[in-house]
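Peer 1: Quick one: this structure, given as structure tokens, is what I'll be asking you about.
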Amino acid sequence: MAKKVAICTLLYSRDYLPGALTLAYQLQKLLKHAVVEDEITLCLLIEKKLFGDEFKPQEIALIRSLFKEIIIIEPLKDQEKSIEKNKANLELLKRPELSHTLLKARLWELVQFDQVLFLDADTLPLNKEFFEILRLYPEQTRFQIAAVPDIGWPDMFNTGVLLLIPDLDMATSLQDFLIKTVSIDGADQGIFNQFFNPICNYSKEVLHKVSPLMEWIRLPFTYNVTMPNYGYQSSPAMNFFQQHIRLIHFIGTFKPWSRNTTDYDDHYYQLWRSTQRELYSECHLSNYFTHLQLGNIETETNFYHEPPCLQDLLNHGKRENQKHVDLDITSVDRNASQKSTAEKHDIEKPTSKPQSAFKFDWESTDYLDRVQRAFPKPDT
């Protein structure tokens, strides 16, 4: 019997928008050629404030075209207190933005689905065989979480790829546990291991809070190959298993869409960028997205490519006959009062103005029409 399966990612910061869009595009491509018996729904989980306040209508249109369902989520109960409590451990990672990954605890609330496959926005499935993951454990229970061992500490699992059974009681138990417990790493990976992974339950105080039925099912590493691995990676193993790798996970501060990633310019980073270029070219988004100001995560990272030469962009705009672009960049009217497409979706109009050197016609339907033609809404 076919299951209802959600393949989800979480967007907790606009810095990860390039990753989420590229991931959804790649999943759509692979699903067209995969033999999948289940009913698949691509879902984006996103905080209400982030979706309503920080995304422009063009971005919302593209998100809606790539994901069948956009699930607006509220902050967790006492989320700010939990973040503050976990601050010290999170500082050891030097990744303050990961505090919001605790929102993954909302995944167990998706009870409209029989199973949830969660993928971090900085992952890239490589082939249609990736979807075999859905057939590995047909008898999985709500007490079990399937994940790949973390390369930094293999007795713990990495939360970049998770297979789980939604359940409201489990969601409540996990979120209560999250409030009362300090995470090993200050983020989702630590707390999920403390909840599901018996190896992490050394403390009697922790043991009485979780069920003895909790279990971590170990997935093959090929379903979540992390990189860069800073000396941990086995080159012979990579060579031997290369044809069987199902998904690459770009961990750490620098992402394939980061400005300065020349040190990691290997095959898989190039593959991610090639997929991104394919996505943007299909609906002529180069002019817009190369000028997106995504802001910085609270590190030294700038999370987007250097914009191409302005003249190249102007020439490209002329070739594509993009009527929504105002080439007179010296006279951009930032105070133009124009109707936001977001109003059609009951989303509050963004207060920030586009930072691009180009001015977009917010009333024009040409942009939205091209997006819809390039990415028709998925049927499954």
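Cβ coordinates come from backbone N, Cα and C, glycine included.
Look at Swiss-Prot and you will find LEU10, TYR16, ARG95, ASP120, ALA121, ASP122, HIS249, GLY252, LYS255 tagged as UDP binding site. The annotation UDP-alpha-D-glucose binding site is assigned in Swiss-Prot to LEU10, TYR16, ARG95, LYS104, ASP120, ALA121, ASP122, ASN158, THR159, ASP185, ASP188, GLN189, GLY252, LYS255. Summarising the annotation, Swiss-Prot assigns Mn(2+) binding site to ASP120, ASP122, HIS249 and lists similarity to another entry as the type of evidence. Residues annotated as compositional bias 'Basic and acidic residues' in Swiss-Prot: 341-351. Feature annotation from Swiss-Prot assigns O-linked glycosylation site to TYR230, TYR232, TYR367. The region 'Disordered' annotation in Swiss-Prot covers 331-355. As annotated by Swiss-Prot, site 'Important for catalytic activity' applies to LYS104, with the evidence given as similarity to another entry.
Provide an account of the burial state, proximal residues and distances for the features listed.
Peer 2: Residue density at LEU10 (UDP binding site): 25 other Cβ atoms are found within 10 A of its Cβ, drawing on all protein chains shown.
Secondary structure from DSSP puts LYS255 (UDP binding site) in coil.
The Cβ of ASP120 (UDP-alpha-D-glucose binding site) lies under 8 Å from the Cβ of THR9, LEU10, GLY19, THR159, GLY160, VAL161, HIS249, each of which sits 6+ residues away along the same chain. Secondary structure at ASP120 (UDP-alpha-D-glucose binding site), as computed by DSSP, is coil.
DSSP assigns LYS104 (site 'Important for catalytic activity') to a helical segment in the three-state reduction.
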Peer 1: Can you list, in sequence order, the residues of the same chain other than ASP120, ASP122, HIS249 whose CB lies within 8 Å of the CB centroid of the Mn(2+) site?
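Peer 2: Near the Mn(2+) site, the remaining chain residues are GLY19, LEU119, ALA121, THR123, GLY160, THR226, PHE250, ILE251.
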Peer 1: Work out the three-state DSSP category of THR159 (UDP-alpha-D-glucose binding site).
Peer 2: strand
Peer 1: Could you tally the C-beta atoms, other than its own, that fall within 10 angstroms of the C-beta of GLY252 (UDP-alpha-D-glucose binding site)?
Peer 2: 17
Peer 1: Pull out the recorded positions from the set LYS104, ALA121, LYS255 whose C-alpha sits within 10 Å of the C-alpha of ASP188 (UDP-alpha-D-glucose binding site).
Peer 2: LYS104
Peer 1: Measure from the CA atom of LYS255 (UDP binding site) to the CA atom of ASP122 (UDP-alpha-D-glucose binding site) and give the result in Å, rounded to a whole number.
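Peer 2: With distance taken Cα to Cα, LYS255 (UDP binding site) is 7 Å from ASP122 (UDP-alpha-D-glucose binding site).
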